Amino acid sequence: MTAEHDAAILPKPGGPLAVGKRATPEPGPNDVLIEVKAVALNPCDYYQRDYGMPPVPIYPAVIGGDAAGVVAKLGSSVTGGPVPGPGSRVIAFASSFYQNGSPDHGAFQKYALAQSEAVIPLPDNLSFEEGAVFPLAVLTALTAWTTIGIPLDTRYTPADKQAVLIWGASSSVGSFAVQSAKTLGFTVYATASPKHHELVKKLGADAVFDYKDSDVVSKIVDAVKKDGVYLHTAHCVVDGALQPTLDILKETKGDAFAKVAHSPVLPECHPTLDNTQITFNFPSMDEVVRTRISKLRRAVSRE
């Protein structure tokens with residue numbers, strides 16, 4: 001471990017990122033210092049860079065949340081439990097946002113700190129590149145349900161006839177959204193490009209539709225009515241999903257109160273629908289470390 005390391009530094013709002021040197025930090029009591037081998041890019045990374053959303057309180061900044069690498073050093077309070085010792089392969093949710101913008105956290109650097117609760121072992125059968133896509137994608141997919149009031153221990157049965165629409169199901173977040181929706185017991189209607197339909201079905205979707213089809217709204221509505229299920233819940237995973245989602249819910253929810261989790265940042269003047277709650281899906285770190293990391297561990301261990 002060197003005294004300094006390379007980092008992709010954001011010097012000011014709007015960027016651009018520049019490679020520079022940073023002092024390699026010592027981990028705090030509850031931190032894990034990780035030698036980063038791979039990172040994943042997420043839409044929130046360019047939101048932070050270009051728009052300061054989530055807020056960036058300190059510049060120069062280091063952004064990025066998803067990291068995979070090797071444990072370099074443990075904080076003094078990190079003993080036992082699920083976090084392995086130095087030299088072990090791990091994945092981590094290392095966002096600086098949840099650490100008041102501290103640039104010692106943030107995935108886009110060679111050595112990054114992460115809270116111990118947000119670090120889990122990386123199975124030997126997964127590469128660093130494969131492991132890096134897990135943290136934020138899984139957490140975002142799971143947080144969507146609790147954001148709209150669906151506990152993660154929900155288990156609908158076929159008799160409940162509860163359905164959900166996932167728009168953008170072949171993305172990293174969307175693929176985990178499909179799998180978690182099936183675990184909750186939903187009948188899952190999903191959209192994706194035709195080349196991804198078989199994959200999305202294997203993940204658990206009951207029906208998959210081409211989002212570019214000019215008749216996609218009517219086709220989903222017809223399928224829901226034919227199947228005799230109740231569709232008044234949705235997760236908009238990608239930009240541009242909200243209006244067609246609301247068009248579908250307008251025809252399927254009846255008099256029921258509908259709920260939509262929206263993972264991209266909501267535009268200021270976004271479309272609305274009567275008797276429908278539309279909520280920006282934003283994970284809080286308290287929720288992450290208390291209720292979701294165990295779910296992430298189980299998801300990774302199954303790979």
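Just so it is clear, glycine is given a Cβ too, placed from its N, Cα and C backbone atoms.
Remote same-chain partners of the region 'Disordered' (1-26), defined as residues 6 or more beyond its termini with a Cβ less than 8 Å from a stretch Cβ, comprise 33, 35, 48-50, 52, 56, 59-64, 72-73, 103-104, 106, 108-111, 113. Swiss-Prot lists 1-26 with the feature region 'Disordered'.
For 44-49, 170-173, 193-196, Tyr211, 246-247, the entry in Swiss-Prot reads NADP(+) binding site, with the evidence type similarity to another entry. For Ser170 (NADP(+) binding site), applying a Cβ distance below 8 Å and a minimum sequence separation of six or more within one chain yields Ala192, Ser193, His196, Leu199, Val200. Mapped onto three states, the DSSP output places Ser170 (NADP(+) binding site) in coil.
The feature substrate binding site is assigned by Swiss-Prot to Leu136, Ala137, Val138, Leu139, Thr140, Ala141, Leu142, Thr143, Val265, Leu266, Pro267, Glu268, Cys269, with sequence analysis given as support. In the three-state DSSP assignment, the secondary structure recorded for Cys269 (substrate binding site) is coil. The number of other CB atoms found within 10 A of the CB of Cys269 (substrate binding site), across every protein chain shown, is 6.
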Cα of Pro267 (substrate binding site) to Cα of Lys195 (NADP(+) binding site), in Å and rounded, measures 29
Taking DSSP H, G, I as helix and E, B as strand, the region 'Disordered' (1-26) contains 0 helix, 13 strand, 13 coil
Argmin Cα dist to Leu142 (substrate binding site) over the binding-site residues Cys44, Tyr47, Lys195 returns Cys44
What number of additional C-beta atoms lies within 10 angstroms of the C-beta atom of Leu136 (substrate binding site)?
25
C-alpha spacing of Val173 (NADP(+) binding site) relative to Val138 (substrate binding site), in angstrom:
6
